[in-house]
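S.K.: This is the structure I want to talk about, given as structure tokens.
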Number of protein chains: 2
Amino acid sequence: MRELQVNLRDRSYPIYIGEGILDEIASLFEKHDIRKASPLMIVTDEHVAPVYLDRITQSLMAGGYQVASYVVAAGERSKALSVLEDIIGAALDAGLDRSSAIVALGGGVVGDLAGFVAASYMRGIRFVQIPTTILAHDSSVGGKVAVNHPKAKNIIGAFHQPELVLYDTATLRTLPEREIRAGLSEMIKHGLIWDAEFTAWLDQHAEEILALEHDKLEYGLYMGCQVKAYVVSQDEKENDLRAILNLGHTIGHALEAVAGYNELLHGEAISIGMVGSAKLAVRMGRSVRIYTETKRILAKFGLPVRLPEHLDTDRIMKAMMHDKKFKEGRTVFVLPTEIGRVEINKQVPVEWVREVVEELKREA
Amino acid sequence: MRELQVNLRDRSYPIYIGEGILDEIASLFEKHDIRKASPLMIVTDEHVAPVYLDRITQSLMAGGYQVASYVVAAGERSKALSVLEDIIGAALDAGLDRSSAIVALGGGVVGDLAGFVAASYMRGIRFVQIPTTILAHDSSVGGKVAVNHPKAKNIIGAFHQPELVLYDTATLRTLPEREIRAGLSEMIKHGLIWDAEFTAWLDQHAEEILALEHDKLEYGLYMGCQVKAYVVSQDEKENDLRAILNLGHTIGHALEAVAGYNELLHGEAISIGMVGSAKLAVRMGRSVRIYTETKRILAKFGLPVRLPEHLDTDRIMKAMMHDKKFKEGRTVFVLPTEIGRVEINKQVPVEWVREVVEELKREA
Ligand SMILES: NC(=O)c1ccc[n+]([C@@H]2O[C@H](COP(=O)([O-])OP(=O)(O)OC[C@H]3O[C@@H](n4cnc5c(N)ncnc54)[C@H](O)[C@@H]3O)[C@@H](O)[C@H]2O)c1
Ligand SMILES: NC(=O)c1ccc[n+]([C@@H]2O[C@H](COP(=O)([O-])OP(=O)(O)OC[C@H]3O[C@@H](n4cnc5c(N)ncnc54)[C@H](O)[C@@H]3O)[C@@H](O)[C@H]2O)c1
Ligand SMILES: [Zn+2]
Ligand SMILES: [Zn+2]
């Protein structure tokens with residue numbers, strides 16, 4: 001088992017990562033001030049519940065906890081105010097009070113949703129994350145919680161830090177392969193923005209990681225969380241540095257918006273986006289090696305590097321420029337300067353972005 | 001114009017109180033870092049909008065602000081997640097960004113609702129309160145914002161402090177008389193829990209205050225805000241001291257729950273509740289003068305001191321004890337120890353509470 005600390009202004013919290021650590025859930029809860037006198041509520045989704053909910057409920061009850069639970073539909077559409085209202089109704093019925101905790105058991109969807117329940121129920125109660133996807137190594141660090149508005153993603157939310165994060169790598173074995181790859185896309189991003197050595201390690205161990213080989217997986221998640229935690233601790237409320245976490249996301253979000261539901265997973269979209277950023281960096285004068293390496297590593301993990309041809313360039317450009325400020329035909333992008341380092345570049349010609357989108361459709 | 005400072009851990013903010021200060025709104029906004037580059041949105045209700053919205057919008061626009069607005073139905077039912085979602089949709093359409101502000105123009109309903117919009121939109125943007133009721137001298141201090149759940153009041157919310165509060169006493173002249181009295185009930189509460197001298201002053205100037213005589217009204221609001229601000233600054237997240245603000249509210253909330261919609265306004269219910277607390281204090285051994293004085297002052301302001309006979313005692317008791325912990329027939333109440341001072345008493349016999357509820361129905 002590995003443990004790392006996320007250091008934040010108000011307080012810090014630990015992330016435990018390891019195979020089978022859910023067996024110790026009750027004692028870890030106790031250690032981190034989760035109260036037994038007040039009921040807690042596990043929020044999870046319909047894919048995760050059948051596999052893990054009973055076991056976790058039993059362990060907690062054996063440890064003296066009162067446990068209620070709420071199961072939502074799987075998928076992004078559960079990140080909605082109407083679902084939040086239902087969960088809060090169930091929390092009231094179960095008697096949750098100001099000393100209770102909300103436990104998110106699942107991927108980023110459940111984490112974001114349950115986190116905003118914890119942030120807003122009685123103006124804020126304790127929160128615990130039990131991530132069960134690889135992508136959640138990203139979403140469980142930093143305290144950003146939110147639901148969607150019909151008009152915009154993640155627009156209604158809060159900053160609410162968990163008391164602890166319990167990352168049992170054993171849970172990842174039931175994850176569909178496509179979700180594994182998509183989650184690894186964010187792990188690779190954490191290498192590309194901050195740590196050349198970790199990127200090289202990922203490159204070297206791609207096969208073992210994809211096979212969920214235990215030691216390698218644990219180390220990868222640990223390092224991914226480390227990078228995210230370090231960046232976030234420097235800039236909790238996203239004023240400046242935290243923006244580097246958006247490598248690949250400007251193009252990626254636009255692709256998600258334009259592609260049909262489920263055509264591109266988030267991690268797949270940002271994989272293409274990271275290739276695009278590398279291409280832009282080369283145009284801005286950086287070494288061509290940045291592009292070839294970025295693309296090679298992503299492809300090695302089975303991630304898409306080519307933009308689906310049928311997605312309309314005009315619509316992509318419109319989605320991308322929608323909430324961007326740009327003057328005199330230039331805009332802001334997170335761009336690599338070398339492998340393991342990025343910059344915020346405010347001088348990217350919008351015309352080049354369009355050309356790169358076109359090029360991405362012809363990527364080999 | 002009077003100015004007071006609310007001191008909180010993270011930061012403090014000013015409350016400006018005075019006749020006609022809305023004329024200076026644009027310069028006060030500018031002074032307190034409300035940005036002109038990003039649009040702001042005024043949230044108000046259908047009673048307040050026709051009287052004040054245009055004028056304020058014009059003043060702000062003349063000062064260089066971009067102003068959008070959203071008008072909700074008047075009354076408690078607008079404190080709902082569905083209304084929050086609509087406002088956030090409008091904020092997106094109007095282009096509000098992370099540097100924008102939400103401005104609450106109205107009473108406690110609009111303040112609580114718009115405050116939670118500001119707390120959750122993009123995980124928190126700037127917030128300004130322009131209270132237009134007397135009750136709002138209470139609700140605009142302390143940063144508690146919330147909407148209701150069908151099953152419970154104020155259960156979904158946050159702590160979100162405004163950048164500034166602009167309290168123009170001129171706006172109170174259009175307030176229905178019943179709302180004036182109900183708001184003064186909280187002002188009297190602030191005297192009773194903290195300040196014997198202020199209570200005596202209220203007693204002495206009841207008529208002028210009820211007539212909204214300018215100097216007296218301004219001083220009363222100023223003192224009410226002072227007491228609330230002091231208590232809240234000692235205990236921002238309601239752990240301990242802040243509980244004293246609940247004088248009269250245990251019985252009051254139960255009456256609101258049992259009485260039909262609009263039979264009792266909040267301030268009226270807590271007026272009866274404060275008489276009940278005084279009676280309990282006397283039973284616990286305090287001077288009978290506490291009871292006679294409390295009742296006399298409230299009656300002088302035209303506030304109810306007798307509990308409507310048709311409200312069922314069993315239902316009141318059930319509503320009251322619903323979320324209370326009690327052991328061995330005793331429960332917790334905020335009780336006066338003398339005029340201007342209260343205690344948290346954990347030894348109040350539940351049987352006495354029932355007897356007092358019965359007595360309150362026979363109050364002269
Ligand atoms: N808060 C943040 O900082 C942050 C960061 C990145 C992403 N996110 C959010 O995260 C969400 C995406 O997260 P995600 O990719 O984890 O999606 P997800 O939660 O929808 O999980 C993906 C799929 O895998 C299933 N699943 C989860 N764990 C499983 C397991 N162990 N076994 C079998 N199936 C399992 C889920 O039911 C779902 O169908 C998005 O809503 C995104 O906005 C948030
Ligand atoms: N956040 C807090 O700390 C806190 C504290 C106390 C109360 N509250 C909340 O405040 C709310 C009650 O506030 P309220 O009593 O101000 O109610 P309100 O906002 O509903 O206003 C009362 C009525 O007066 C009307 N009105 C408001 N200003 C007017 C004006 N200048 N002229 C004419 N009509 C006007 C309104 O339209 C409404 O019909 C409740 O929801 C309560 O939960 C919050
Ligand atoms: Zn991402
Ligand atoms: Zn009150």
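Positions of Cβ are set from backbone N, Cα and C atoms, glycine also.
Nobody curates TrEMBL annotations by hand; they come from automatic prediction.
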S.K.: With A:G108, A:V109, A:V110, A:G111, A:D112, A:T132, A:T133, A:K153, A:T171, A:L172, A:R173, A:T174 listed by TrEMBL as NAD(+)-binding, which of these, A:K144, A:K189, is given for the same site?
M.R.: A:K144
S.K.: Reduced to three states, what secondary structure does DSSP give A:T133 (NAD(+) binding site)?
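M.R.: In the DSSP reduction, A:T133 (NAD(+) binding site) maps to coil.
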S.K.: Near A:V110 (NAD(+) binding site), which residues of its chain come within a Cβ-Cβ distance under 8 Å, counting only those 6 or more away in sequence?
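M.R.: The answer is A:V43, A:T44, A:D45, A:V48, A:V72, A:S78, A:A104.
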S.K.: For A:E186 (Zn(2+) binding site), which of the binding-site residues A:G108, A:D112, A:K153, A:T174 has the nearest Cα in space?
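M.R.: Checking each of A:G108, A:D112, A:K153, A:T174 against A:E186 (Zn(2+) binding site), the shortest Cα distance is to A:G108.
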S.K.: Measure from the Cβ of A:T174 (NAD(+) binding site) and count the other Cβ atoms within 10 Å, all protein chains considered.
M.R.: 12
S.K.: If I take the alpha carbons of A:K153 (NAD(+) binding site) and A:H249 (Zn(2+) binding site), what is the distance between them in whole Å?
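M.R.: Cα to Cα, A:K153 (NAD(+) binding site) and A:H249 (Zn(2+) binding site) are separated by 13 Å.
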S.K.: By CA distance, which of the binding-site residues (A:G108, A:T133, A:L172, A:T174) lies nearest to A:H249 (Zn(2+) binding site)?
M.R.: A:G108
S.K.: Using the CB centroid of A:E186, A:H249, A:H266 as the Zn(2+) site centre, which other residues of the same chain sit with their CB within 8 A?
M.R.: A:L135, A:D138, A:S185, A:K189, A:G248, A:G252, A:G267, A:A269, A:I270, A:G273
S.K.: Tell me, what is the mean pLDDT of the domain '3-dehydroquinate synthase C-terminal' (A:183-325)?
M.R.: 93
